Amino acid sequence: DGSDDNEESSAAENEETVNGTGQKRATPRTRRGHARGRDMHGDEEDEDDEDGTRRAGHRRHRNRRRGRAAGNEASDSDMEPAKARKNQANQKSKEDDEEEEDEKGGKSGKGKNEKKVDKKADKKGKKEKANKKKKDKKKSGSGSDSESEEEPITEEELAKLKEEVEEKKKLIATLRNKPWKMKKKLSVLKEAQLFVEKFEGALGKGKGKKFYAYKVMMTKKWMKFQRDFENFKTACIPWEMKIKEIESHFGSSVASYFIFLRWMYGINMILFGLTFGLVMVPEALMGKPYGSLPRKTVPRAEETTAMNFATLWDFSGFAQYSVLFYGYYNNQRTIGWLKFRMPLSYFLVGVGSIGYSFMIVTRTMAKNANDDGGGDDTSFNFSWKMFTSWDYLIGNPETADNKFASITTSFKEAIVEEQESRKEENIHLTRFLRVLANFLALCTLAGSGYLIFFVVRRSQQFALEGLENYGWWERNEVNTVMSLLGMFCPTLFDVISSLENYHPRIALRWQLGRIFALFLGNLYTFIIALMDEINLKARYLLPFTLEEEKIVKYNMTIWEASLYNGTIPENSTAPPIQVDPADVPRGPCWETMVGQEFVRLTVSDMMTTYITILIGDFLRAVFVRFFNYCWCWDLEYGFPSYSEFDISGNVLGLIFNQGMIWMGSFYAPCLPAINVFRLHTSMYLQCWAVMCCNVPQERVFKASRSNNFYMAMLLFILFLSTLPAVYTIVSIPPSFDCGPFSGKTRMYEVISETLEHDFPSWFGKVFGYASNPGLILPFILLMVLSLYYLNATSKSYKEANLELKKKLQ
């Protein structure tokens, strides 16, 4: 009876467990399991897989038949496999404790085993279902409204998800500082990025989820746009990658020259825009055309040779009578339908170019002064360079090679700095050698000055006798000698500086100072000799000057009267006389002559630079490279070897060429355009020569963090270059027959003429009071006192910064 009752009870339990459709009735145990499943997975639903349920139903039918046939006698033998299956289930789930409690309660082992199989099948089905759902979610998007409405996220789960997303973001931000291997860093980074990308948009609720996902997407796109825009701005900086490559292989001292060259190119672009847009183009478009006036026409005696190459190379002929030079411009107060005031524009552009140059140079010096305050912190210099120099974000092989070369060069610079700080020297011998070097440098400077003075005096004699009687050398003797001195004297100064045994940075500054004195003496000797030539011509022509001026003015009156079909004032009954502009006599135009000299000097200096690069660098490198195998000694390490880049000579050549542009652009508006072409070609040619033909210096040294030493020399040469231009504007009367200021006693009278005709009378009075020397001198004194005060304040701030740095250390 007991066995029958047991069979009936087990059958009833089985009938209760399995219904007609093979579905499982929910029990408290399964409900707890479902709750755990929701807590673990977050998005699983409480439903069964049909295939798993069918297989579980067949398995239960077989077990029920076996249980009815075996009866209670097989229950003891079935306990051992039940225990084994139970131990296996303990490792996979947390539900075994509840199974043991039911087993102690007297339930049969077969029923427990059937329920375990059901649960395993249910868990497998749920996992497969969850995986399918995750794949469907990835395909359909992270923000579908239907899924959120079917299964909303609770507040607790939302808070946990937010915490996990924030932790992953912090991990991504601080992953670089983790002491892990790179393989582990990359794997952790990918996992964190996937997690953030997947769950960051789910931090909203309902409809807010879609808006939050859109906001996150736009934030990421904005950050990417900012990065791309920064890369675009870096790519737009002219020659940035070339300069970085040169700096990585040759050090910051060589790169500082190319940075200075790029800065000078920008300045000359502004000057070229002013002269081209406000002087040359208005005269070419709105002024009278070529051949309409004598000043705009080649004289009859020069027409046969006006288009010869030699004539154009000397900027004579048609080049002289064009918008390139001062003498071509007409003195009409307004030109064209715009009533453009050409004389006023010419004067203001000349003065404004100098004023803009002063402003931009001083502003750059003030900006660079901030980089020099505080000094260098050289504590643990080699350790920092050894362990923190490499950039792990580099992904380009070429950039990696440049970075490797840059680190190597920085080590060389640091070693030189350390050697110089520990060097011991014989003070008496060093002083003697430095005095000797300075004496030799002074002798070289004096000799070059005398040579230029002698050559200019010879050229004056040739000019008085007629240059057509002499050859090419006599006509170009001054320019050639000045270019040769600028090419060979820096090399001599470099040999002299080896006696002094200075730090490389200090030696460079001494070298720059000596070459600066050389170029400055040559330039002012040239200007003084040029002025003497002008005065000499005036003195020889003085008996004829007044009579010639009267004749020229009378002939111009006749020509103007015939041009407008008028009558001659002295004889009103005579018919009009047709006079060709090429036949009209004209007076001398000293402004055009000065402009031609500056243009010739600039062009000859440019050609000398190019020839020096091709012969002194390229051909020398080719000879050393290909003849080293068949020579008696090692050409690469002996004589002549590969050349080094001459920083001092190139810097000062650039500075003095700019000085000539500032000095001569008032007389030749084409000079800024010529200088822009020169700087543009020099950048490419010198970058190629440095990378292909030069070798790094034996002692690579770290350049100053600012180019203020270059800027100081540039400011000084700017001041000296403006003196001759200001002197001619204020003191020398302009030519009566050429230029926009012809007919005036002084060039600056165009300002008073404009105030008189174009402004009210009270404005002219105010301007006259403001230009009174009684107001200008106190204002200048106030500016000087302000500069002194600000300089003293900046020095005190710099000392305070140094003290604070010492305290921090």
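Cβ from N, Cα, C; glycine included.
The compositional bias 'Acidic residues' annotation in TrEMBL covers 1-16 (among others).
Residues annotated as region 'Disordered' in TrEMBL: 1-156.
Residues or ranges marked as compositional bias 'Basic residues' by TrEMBL: 26-35 (among others).
As annotated by TrEMBL, compositional bias 'Acidic residues' applies to 42-51 (among others).
The compositional bias 'Basic residues' annotation in TrEMBL covers 55-68 (among others).
The annotation compositional bias 'Basic and acidic residues' is assigned in TrEMBL to 111-121.
The compositional bias 'Basic residues' feature in TrEMBL is assigned to 122-140 (among others).
Here TrEMBL flags 146-156 (among others) as compositional bias 'Acidic residues'.
Residues 238, 323, 328-330, 335-336, 340, 342, 345-346, 349, 352-353, 356-357, 360, 364, 654, 658, 661, 665, 669-670, 672-673, 675-676, 679-680, 683, 707 of the same chain lie 6+ residues outside the transmembrane segment (263-285) yet bring a C-beta within less than 8 angstroms of a C-beta in it. According to TrEMBL, the feature transmembrane segment maps to 263-285 (among others).
As annotated by TrEMBL, transmembrane segment applies to 306-329 (among others).
Here the transmembrane segment (344-361) has long-range neighbours at 267, 270-271, 274-275, 278-279, 282, 329, 662, 665-666, 672, 711, 714-715, 718, 722, 725, 729, 740-741, 747-748, 750-751, 754, meaning same-chain residues at least 6 beyond its ends whose C-beta is under 8 angstroms from one of its own. Taken from TrEMBL, the feature transmembrane segment applies to 344-361 (among others).
Positions annotated as transmembrane segment by TrEMBL: 432-456 (among others).
Panel annotation: around the transmembrane segment (512-531), residues 441, 444-445, 448-449, 452-453, 456-457, 459-460, 478, 482, 485-486, 489-490, 493, 594, 597, 601, 648-649, 651-653, 655-656, 659-660, 663, 709, 713, 717, 720, 724 of the same chain, lying at least six beyond its termini, place a Cβ under 8 Å from a Cβ of the stretch. Residues or ranges marked as transmembrane segment by TrEMBL: 512-531 (among others).
Per TrEMBL, the feature domain 'TMC' maps to 589-704.
Tertiary proximity for the transmembrane segment (709-730) is limited to same-chain residues at least six positions away from its ends with a CB under 8 Å from its CB atoms, namely 256, 260, 350, 354, 357-358, 361-362, 364-365, 368, 509, 512, 516, 520, 523-524, 527, 651-652, 655-656, 658-660, 662-663, 666, 746-748. The feature transmembrane segment is assigned by TrEMBL to 709-730 (among others).
TrEMBL lists 766-790 (among others) with the feature transmembrane segment. Here the transmembrane segment (766-790) has Cβ contacts under 8 Å with residues 755 of the same chain, all six or more residues outside its ends.
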Using DSSP, how many residues of the domain 'TMC' (589-704) fall into helix, strand and coil, respectively?
79 helix, 4 strand, 33 coil
